[in-house]
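Undergrad: In case it helps, Swiss-Prot gives these features for our protein:
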- C193-C617: disulfide bond (DISULFID)
- D411: active site, nucleophile (ACT_SITE)
- E464: active site, proton donor (ACT_SITE)
Amino acid sequence: MSRSEKLTGEHLAPEPAEMARLVAGTHHNPHGILGAHEYDDHTVIRAFRPHAVEVVALVGKDRFSLQHLDSGLFAVALPFVDLIDYRLQVTYEGCEPHTVADAYRFLPTLGEVDLHLFAEGRHERLWEVLGAHPRSFTTADGVVSGVSFAVWAPNAKGVSLIGEFNGWNGHEAPMRVLGPSGVWELFWPDFPCDGLYKFRVHGADGVVTDRADAFAFGTEVPQQTASRVTSSDYTWGDDDWMAGRALRNPVNEAMSTYEVHLGSWRPGLSYRQLARELTDYIVDQGFTHVELLPVAEHPFAGSWGYQVTSYYAPTSRFGTPDDFRALVDALHQAGIGVIVDWVPAHFPKDAWALGRFDGTPLYEHSDPKRGEQLDWGTYVFDFGRPEVRNFLVANALYWLQEFHIDGLRVDAVASMLYLDYSRPEGGWTPNVHGGRENLEAVQFLQEMNATAHKVAPGIVTIAEESTPWSGVTRPTNIGGLGFSMKWNMGWMHDTLDYVSRDPVYRSYHHHEMTFSMLYAFSENYVLPLSHDEVVHGKGTLWGRMPGNNHVKAAGLRSLLAYQWAHPGKQLLFMGQEFGQRAEWSEQRGLDWFQLDENGFSNGIQRLVRDINDIYRCHPALWSLDTTPEGYSWIDANDSANNVLSFMRYGSDGSVLACVFNFAGAEHRDYRLGLPRAGRWREVLNTDATIYHGSGIGNLGGVDATDDPWHGRPASAVLVLPPTSALWLTPA
């Protein structure tokens, strides 16, 4: 039976005030007006479809035409109650009729428990309830598939869903707020599985903005800014890696990390191409881990990823989230751990992103003296707000769980810890005790670290922290921040200052190479020669070395051997493993051509490959990195000869003697104290001809005799090549 006659009812039109809010986009509960509503003896169906020329309700085999009341609101009164199911057939000018389930007849997709946990800041899988999620519901007329959307905007006057599906029209899909939670929600049937969308937010300040989804899993390729509905059907192949990860403690294991900016390692490669080429290269070079500069979506490529706008979306520049999963999977199957840089300290002010999201300071602190980072022109998160803290903690867990990431290197921790960080006098507000410590940030970092290690055992968290803050790597249960490791910025600065000097003057600065051992075991350290040291006019590691090309190459080889021998884990930025001569720029690729044009670059690359192989095979270089038992000086005081020497010890009883000649001339007949007599094998000589060195050395080893020296029971006489490193082990 077909019915198209107009039916009327006393409840056909909503109250004028409600209608006005609906049209203005500021109604907090459009579901209370739209959809099907039962009265005493009839049911009213209302649909808000501006620009539609006809709307028909399909109830079984019956058709009921909705009357256009005003401003795009259509309604019809059905002469019965207990309506089980219906569809809407909507026709626009010049278009064929389109039949769809009514979005305003579905219950909320978030439960009370989810909202309660979020309000308390304790929802550990928050990304599963906020954002965009494809869903299906079984109704009397069949299965209805679509996408549920949920966004936190507690001070907004109204929120609407806009996208390709409705021509970016801000009227057709108003969302409802779920009680006092501040979460706005809507399920939209038949939403495209990879459709673009945003939220049109009527801010508390009267400004209407179109916002990207803070929890979006996918985005448009920058400079476009819309969010994209994204789901995963990826099948992982790294079960063995993940099972082993849960049993490991990275602090006591080998860890040499290759730091990579994906866009400029070899420009033009996708995630899946990188899964082959980058993985093969890292395996060939022998690194145990790769650290990726931020992969979360960021609009400005020149920020290198450190100004994030979509914290839950891998950048779409190189492919889809599943493509990124394939990259991580390939690295894991090759035995390579994956660390990503994570940026919870601050976020950019783009008007379509997180800043003043609902017309008020929401994600950022409301006090400008705490809520803005002046140096970078960015906002600072309000770490004391439970929902914001939950957003960030859940984000850390998201990368660890959804993408199998093995570690987070937390950027700019010092800026989080201190309220007066890079602020002028009078430009900051003290904490409740009158101090400069950001107590809320401390609590956030402790919560993040404790939760991450609980949820994903075996992962590593690393702090980029350059101040004397005590206990960065101390467990949270004894008052520490709970990081696994922190960057040793002091070691980096002192070492680079020293090796940059002409050898003639190094003896006057010998303390720069010994000072780090006064605090080497106060924290668990990473020794970083990172991207920060090859930008902004600093040149490159190669460029810092004094002398001609032969001397520069020798200097860089000895520096790298010193880094690998010093207590702490290693991190080296891409390009430095072959001595790139040009300063790095994200706008172009590495100078791979150097490997075809000169032997020095090939020699440095070969050295890095070999020291990684030696490093992994010698627990003395890593198993006791964080305790004094893993290290002792042989001679820290030979400044006259620019020589340093020390022993490394492994938890398995192994030993390694390391000698560094930072003078520009060789030293013959150099006596070195050793712990035992007998044959000592030269496992590394950075001056070997295979590294394009001069070939000066000890013919593969030396014989130690029972002649005490340097306070040790035995000694050997060595030849120390100029600007070189020697590593020796008992034969």
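Including glycine, each Cβ sits where the backbone N, Cα and C put it.
So where do these features actually land, and what's packed around them?
TA: Other Cβ atoms within 10 Å of the Cβ of C193 (disulfide bond), summed over all protein chains shown, number 12. C193 (disulfide bond) falls outside any helix or strand according to DSSP and counts as coil.
Annotation for D411 (active site, nucleophile): spatial neighbours P294, Y306, D341, W342, V343, P344, A345, E464, criterion Cβ-Cβ under 8 Å with sequence separation of six or more.
According to its DSSP assignment, E464 (active site, proton donor) is coil.
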Undergrad: Can you tell me whether DSSP puts C617 (disulfide bond) in helix, strand or coil?
TA: helix
